[in-house]
Each structure stands twice: as C-alpha cells, then as structure tokens.
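Please read the structure below before turning to the comments.
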Amino acid sequence: MLIHVTRRKSRNNYTLLKRNTIQGRLTKQPYACFCLRCCGRREPRPRTVWLGHPEKRDQRYPRNVINNQKYNFFTFLPAVLFNQFKYFFNLYFLFLACSQFVPEMRLGALYTYWVPLGFVLTVTIVREAVEEIRCYMRDKEVNSQIYSKLIARGQLLGSITVYLFALQNQRVPADMIFLRTSEKNGSCFLRTDQLDGETDWKLRLPVSCTQRLPTASDLLQIRSYVYAEEPNIDIHNFVGTFTREDSDPPVNESLSIENTLWASTVIASGTVVGVVLYTGRELRSVMNTSNPRSKIGLFDLEVNCLTKILFGALVVVSLVMVALQHFAGRWYLQIIRFLLLFSNIIPISLRVNLDMGKIVYSWMIRRDSKIPGTVVRSSTIPEQLGRISYLLTDKTGTLTQNEMVFKRLHLGTVAYGLDSMDEVQSHIFSIYTQQPQEQPALKGPALATKVRKTLSSRVHEAVKAIALCHNVTPVYESNGVTDQAEAERHYEDSCRVYQAASPDEVALVQWTESVGLTLVGRDQSSVQLRTPGGHILNYTILQIFPFTYESKRMGIIVRDESTGEIMFYMKGADVVMAGIVQYNDWLDEECGNMAREGLRVLVVAKKSLTEEQYQDFEARYVQAKLSVHDRSLKVATVIESLEMEMELLCLTGVEDQLQADVRPTLETLRNAGMKVWMLTGDKLETATCTAKNAHLVTRTQDIHIFRLVTNRGEAHLELNAFRRKHDCALVISGDSLEVCLKYYEYEFMELACQCPAVVCCRCAPTQKAQIVRLLQERTGKLTCAVGDGGNDVSMIQEADCGVGVEGKEGKQASLAADFSITQFKHLGRLLMVHGRNSYKRSAALSQFVIHRSLCISTMQAVFSSVFYFASVPLYQGFLIIGYSTLYTMFPVFSLVLDKDVKSEVAMLYPELYKDLLKVRPDFFCNFFSPSLTGSIIMYGALLLFESEFVHIVAISFTSLILTELLMVALTIQTWHWLMIVAELLSLSCYIASLVFLHEFIANRVTLDVYFIATLSFLWKVTVITLVSCLPLYFLKYLRRRFSPPSYSKLTS
C-alpha cells in the first residue's frame, strides 16, 4: 500500500517520512557493500541493535532485496548453454554441427546440422528467458513496495536505525522486533501462510516497556538496545533481550518468538512499529529457502537409457560399414563420416517433443473441471503419475477434514457424549444460578442431591479449565474493521470469530460456549468468560506456556480477579500427562477406549498455587527467560518443577471426520495395484480406527499391531512373530519403527512391503521422509506422498511424486509439492486419468519420434550398402530438416491428444492402471518395426526407379513421408479435430514446398520435382507405401485378435 502523506510534529522534534523505500536502503554506505564483497561473508554472530545511541550505530545490514532469479544479465546465456551441453545428448549434436567446419567430414550444407540444434536451443533459451522475466517482475513488485520510516528531524536517512510502520494487510519487509501497536488490547495478529504455510492467524506481542510509551515518537527519545541471537533458520523460536538504559532502574525484558515480526508475514490487524533486526540473506524466510531435490522422471531416465543404446547402435553400424571396406585408406575419417551420416539414429527433436508434451499434460490437468483448483508446480514429471506403486498419505487434513467436532467429555466416573450435552449444560446453569443457603444434614434423597451437586462442581471445574486453558482469541468484526470491543464491554455473538493456531482448541472453546461458558474477550494479560446469566468473569493471565511438538502440552497460570485464587491449568497428550497428574486407575484405559472410537484425546489437569509458590516460580522463570544460552532448556526445567501432582479433571475427545469420497478413492487406488501406507503423528488406536473407517484396511483383513519394542532382542522376536502372518495389515508406532530400522532395516522393509496396507502412528516428519527413501531404495518402485501440513513437506519432497492438499493447516505442503489438489478424492482422477494418459501418450510420442529416426537411418544404411559402402548422404539440406520438423512433427506431436479409453472408463476400471506397472515402455521392443519399414521403402525405390538416380530420392522420400503419416493415423485410438488438421497440414506443407520452392529444392537437393508430377511416380509411391504399411498392421491385427490389450476389451 502506497502512502503519500508527510506529517510533522515540532513538539516532539520528529518527522514521519511517508515515501521512503526500505528495500535496498539498509546498507549504510556504498563502500560497505564493496568491502563485504571483497572480504567475503562473515560468519553469523549475535548482534546488538542500538536505539538512541548515535555513536554506537555501526551495524551494517545486508542489502534487503528479494532475488529469486537463477541468472543475471551477464550469466544468463553462458549458464543456460552450460546447463544444456552438460548432458551427453546435446553435446553430441554440438559435436556433429562443429564437425561440419572440417572439410574432410562435411556431408552437406552447414544449416542441415545447425538449424535443428539452433531450434532446440532457441526453444530452451526462450523458455528460460520467459521464466526469468516473470520472476524478475515478481521480485520487482515486492522490492518496490513503499514503507514508512520514522526518523528524528535533522538525521540523514542513511545513518539511522530504521523503524517501520507496517500497516494492516501489508507485508513485513524485514525481520523485526515488535515495539508498539495501535490496537487497544496491545497485540496484533499475523498471517504467516507465506512463511510457514499455516492459515491460522498468529498472535504477536510488543515489548512491554515500549508499548507503554505515550506516543510512537517517544521511541526516538529512549536509550535502549536489542540483543539478538545470530541469524538462523528456525522460524518458530527466537532468543533475545531488550534493555532500556535510561529508566530507573534499567528495564531488562526477554524476547521470544511472540515479539518478532518475520519477513514475508502480513499484518492482519492494526498498525505496528518495529525495529529492523535482520535483512537480506539473513532473513529467516531466505535462510529457509532451499532448492528441493531435482526430480527426474523414470520415463526420462528410460529415454536417456534408450539414447545410450541408440548411440551404441550408431557406433556399431559405423564400424561395420568401415569393416566391410576392410579399413581401407583413412578409415578413421570414414568412421567419423559414418557417425555423422547415421546421426539421425538419435533424434534431436525427441527432448523438445517430450518437453512440449509435458506442458500440454500440465495444461490439461489445470483445465480439468472435475478436479478444480488443481495446480501443477512441476511440469517435468507428469508421466510419474501413471506408474505409482506406493502411495504414502498423511491422516489429519488429508484423509480427514481437519474440522474438529467435540464428541466426548470423560470425568472418570461418568462420560458425556453428544446425546447428553444438555446434561452438562444443566450442570453449568445450576452452578451459576444456585443461591448459597444454610442446609440441614442430608439423609436419604437429600444425599443424592448432594452427590449431584458434587458432580455439578466437577463438571464446572472441567468446563472452566477447558474455557481458560488455550491460546484462542475472540475477534469481533464490525463493518470490516476488527474491534475487540473492550471499552464498551459489549460482546455480540454474531460478530465473534475465534482465532487460533489449532482447530482442536477452537472446537473446545466452541463447545464450552454451547454449554454456557463463553469466551468473550482476551488480550495478553486477561481473559473474560461470560456465564449463562450474562455475568462476566475476569481472569488475569500470569503466564502462558505454549504448545510445542516436543512438549506435547500447553499450560496457563491465571488469577481469578473476584477471589484472588491462582490456578495452573494444563492440557496435553496422554503419553506426557500420565506422568504429571496424580495417580489414578482410569486414565490409560479410557484414553485407549476413546482412541479406538477414532477420537483425538486430550488430558486436562489443574493445580492450585499459593501466592508464595507463584512468586518463587516467577522469579526463577524470569531469570531463565533472560538467559541467552540454553534458554529453552532452562525454561523447560523451571516449568517442569511446577508440573507435579496435578489434579486430573477430565478427558476431552474431538473427532476429525473423513473427507468426502475417501473410501471409494482408496478402494480405486488399491484396485489399481497401489499399496497405501498411512503415516501419521496420531495415537495408535486413533490411527487404526481411521484406517478401518477409511477402508484402508478391509473388514475381513487381519491387522498385526506391532508391539512396542525398545531393544534389538525385542525387535527380533516381534519380527519373527510378524513373519509367520500372511496378507495382513501392519500397524506400528514411530518408536518401534525407529528400533526396527536401526537393527533390522532390510528384514523389516522386506516384510512391510509385502503387506497390503501399513499404518505408522506417532510418526515424526523425519521418519516419514526416511520411509519414502527406504521404499525407493529397497523396491525401486515409484512412490507418491500426499499431505497437507508443514510436517509433510519433507516426505513430499523426498517422494518421486509429491501431492499437496490445500487444507486448514495452510499451504506449506501444497507449495512444496509437485501437484496441488483441494481434496483427497481428486487424487483418483489425477492418477487414473491424467497420470495414465500422460504416460501412454509420452510412450507413443517417443516411439514414433524414434521410429521416424530409425526408419530414415535404415534407409541410409541400405543405400550405402548397395553403393559399395560409400559415406554419401541419401538426403541433404532442406529434405533432412523438413523431415524432422515441418513434414512429420505435427502429426507425431498430435499423439499427446490421443486416449485409448474415456475418462469415465479409466475411473471405473482402475485395473487398466495396473497394466502400466507390469510392462516396460513399448519402444524398448520396437526396433524391428522401423528397420523393416525403412528397408522395404529403400529396396522398393531401388527396384522401381528407372535410369535417373534422383528418382530414387523422390520415390523413397515421398513414400517415407506418407508412411509416417499413415502409421500415425492408424495408431490413433480417439480422433481429435486437431489431429486431422495436423495430418492435412503436414501433407499440404510437403506438397506446397514442392510446388512453390521447386527451383530452390532442385538447385540444392538431389530431387526431381518434375518427376513427382508424373503418373509413374504416383503408382510407384502408392505401391511402396502400401507394402511398407500393410505387413506391420497385419501383425498388429493378429496381436489384437489373439492377444488384445485390456483397454480394447472395454472399447469393443
């Protein structure tokens, strides 16, 4: 957003300049960049940013520009050419073209070799240039954004520490420390989807002492400094301190991730002021940018293998030709001439045709209306989708909706499900509506009433703990502007939206609202709950311990403002909470029961603290947070001292329902011959239940639950027990998996690969990637990884084909994937239709390009053999170039539009996909066909020509063109109007070139254009074309008649 207002306030002696761009201006002097380039980059080290100390402002920042380009103006052409010629394929053709400058090796006009090579390079250079220009324009747009800079009057722009106003909906341009906000609640929200892929807003808090300053201009008057850790890649943690020296006593505050504004995030609410900490290459977002593994498709590897085979054939044929001359004369030059003469064996247009085909396949995927929102991020491997053997999928958000619904509240002696939530509501109402009064001793029925009141109090304690222990913030929207409505204490349910990083927490808070205890307000220091009677309960937040994947729990310490009572609430996974809560005899059993129902279980506990206990804890906690070295370890140690003998309040169970059509999609994939593995971080019981519900494991299938093993001996015994079972699904935890892979990697993978389905629970992100890598190494089969969260990125990037699902956890997996879909059910069509078609089309395209090259090379070999093994070219100049491009390229390339069955049939019969996994590409067994065709055409022309040598050229070349066009036409399964256009266009181009360019051709090529117009020419060409085509198609008919492919049975 551009801001063009300049505002001056002489009272505070500062100027707010509104038209200064931060990008590229953070290096203090031009010579600084020059010195850094000369001296090289320094090692990252901790830094101090001084505020109000002009004499100490010597910190130099790297140039703050975003540069995603691969080349610059000077390196573009050399780098592109180097990347092309580092491959044998292109280097070989460059050698051929350069050899024509040597008179002894010249076989024809120079353009015969240079034009095809130039065409291929031009296509590549233009494609790279277009991508670079687009990248440059995107970078320029970001780098040209204008931000506000706060400076004191009289200071130079280049000699100050930079403050920034990053307004609402504006991208943060540098890593900053959050100093001040205009929001009433003293906090702001960030959108971090472009940094970590998560779509939920993140709460950020300013430094307390700077937030308390009366105005933003006072930031220029204080004397303080920020001490920060060295730049690193961790976007989820930060260690630093903020010290204000001009206060009495000096203020020293710890800084954490909550006080940071990382670059590439977006301010979602309010206006913030920050001080720049890191720029340029030191940005967290830049340091996290890495080039993922360059994926090369199996099809491309097979083509490269075939190219080497063809080159070997080229060398053998050349040696045979020279050997038949008895190595007479300068035989080594003859070998080189024959290598040049038969160079068409390796088609130079093959790579271009395949690359253009990939672009068409990607376009078709994006345009498919039945899988809307699908994005192709890697257009180099669409054929991979057609040969997947192992599918590895995440659970939460991929197979499930990641929309949590509260299902169960368990208090140990009583449990409440969806059908009894009105009972919970009545307990809450009774607590807040009953009047305290003197009661006599209770007997008989009165005793039952006392029991019910005791149960009400337990329910109330559990619901209150759930309503307080979270990181959810209610946001109120009015006319599109966020307003916490703190001043008016006016909370409207219709305007309230809950913001949190976890959908589980939102589901819990929504449930407490449904039973009568509503979260209506929250800021960094307080929480407000509304009772069923409309009364507001106020709590002061003393400490918050956020959830981490390492701790698997979160906690909060609050003070009840009405009673002064201090309570410590905590919730987390049962595996960690079991050692924190007081002894009980029902926690493990009930957690297992709820998990078997497919529920995600959280354990909720509390502990009352005295004022002395809290003050002692706070002193130790603050001291630990001020530590710069090993801060996280010291803080964890202090918190753990408080996490003892907590009172177990309840268990909560939320359900994550399956996405639409997950069951039929998984069934389709299994019928297509794929083995599906589910890798999840959830509990074993929950993962097993989800696998059954999704029909990943069929009802009649046995399940072997791999028991927990901790050492080599236990793993050996369990593997032996598993080996005795057959055709059963495997369920294993991450801990047991780690032990098995450590001691028995080969044995475990051998057994696991035989299972129809595998479920890995409590699986870490690194383990997911490791499993993918082991499958590739042990089986040699193609793998496809599907996920939706940041913990799936490593698995997606490691797989041969990565598919990201855009879900509620954000876009990180989607952005890292090769293909992005919006729902899991779209995966079926992506693989069964587009994957299968892409592979079959590329196979057919490669087959005909190679057929075209082998056919003309065979004709050249026959011609040389007949004429005493002379190294004389049969076709020269325009004919050679036209044959590879204008005369045959369009029909052959039109095969990318062909399909053997309709999309509905491919989805209905996934067994068609399985056929592709059984066979190698067709062109590996099709060397005989082009050799036979070329021999028939050449020998036919030699038999039917009369006295003129040029008649051989005319007859054979025209027969060759017609044969190639006919073979493409007879191979097509489903005609498209563009195919007809391609056939007619190629034939018209050949005829037109003979009619309108006959003088040019006659002068430069040994072709009698006048003979072509005679009746004798026509019948000879017709006979040769029929004889060359009919035998092959007769054999093809017999094969279809007695051994038809699967798809022909469905289309007949």
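Cβ atoms here come from the backbone N, Cα and C positions, even for glycine.
Quantities reported herein were computed from a predicted structural model and do not represent experimental measurements.
With D394, K395, T396, E505, F547, R600, T680, G681, D682, R762, K768, N791, D792 listed by TrEMBL as binding ATP, the candidate from K370, K571, K625 annotated for that site turns out to be K571. When the ranges 261-280, 741-760 are checked against TrEMBL, the one recorded as transmembrane segment is 261-280. It is 18 Å from the Cα atom of R600 (ATP binding site) to that of D788 (Mg(2+) binding site). Among the residues D394, K395, T396, E505, F547, K571, R600, T680, G681, D682, R762, K768, N791, D792 said to bind ATP, no two Cα atoms are farther apart than 27 Å. Cα of F547 (ATP binding site) to Cα of D394 (active site, 4-aspartylphosphate intermediate): a distance of 21 Å. Non-local contacts of D394 (active site, 4-aspartylphosphate intermediate) by the CB criterion (under 8 A, 6+ apart in sequence, same chain) comprise M678, L679, T680, V786, G787, D788, G789, N791, D792, M795.
For G681 (ATP binding site) paired with T396 (Mg(2+) binding site), the C-alpha to C-alpha distance reads 9 Å. You'll find the Cα of T396 (Mg(2+) binding site) roughly 12 Å from the Cα of R762 (ATP binding site). Listed in sequence order, G681, D682, K683, L684, S733, G734, D735 are the same-chain residues six or more apart from R762 (ATP binding site) with CB atoms under 8 A from its CB. Computed over the domain 'P-type ATPase C-terminal' (815-1044), the whole-number mean pLDDT of the model equals 82.
Annotation note: D792 (Mg(2+) binding site) sits in a helical segment as assigned by DSSP.
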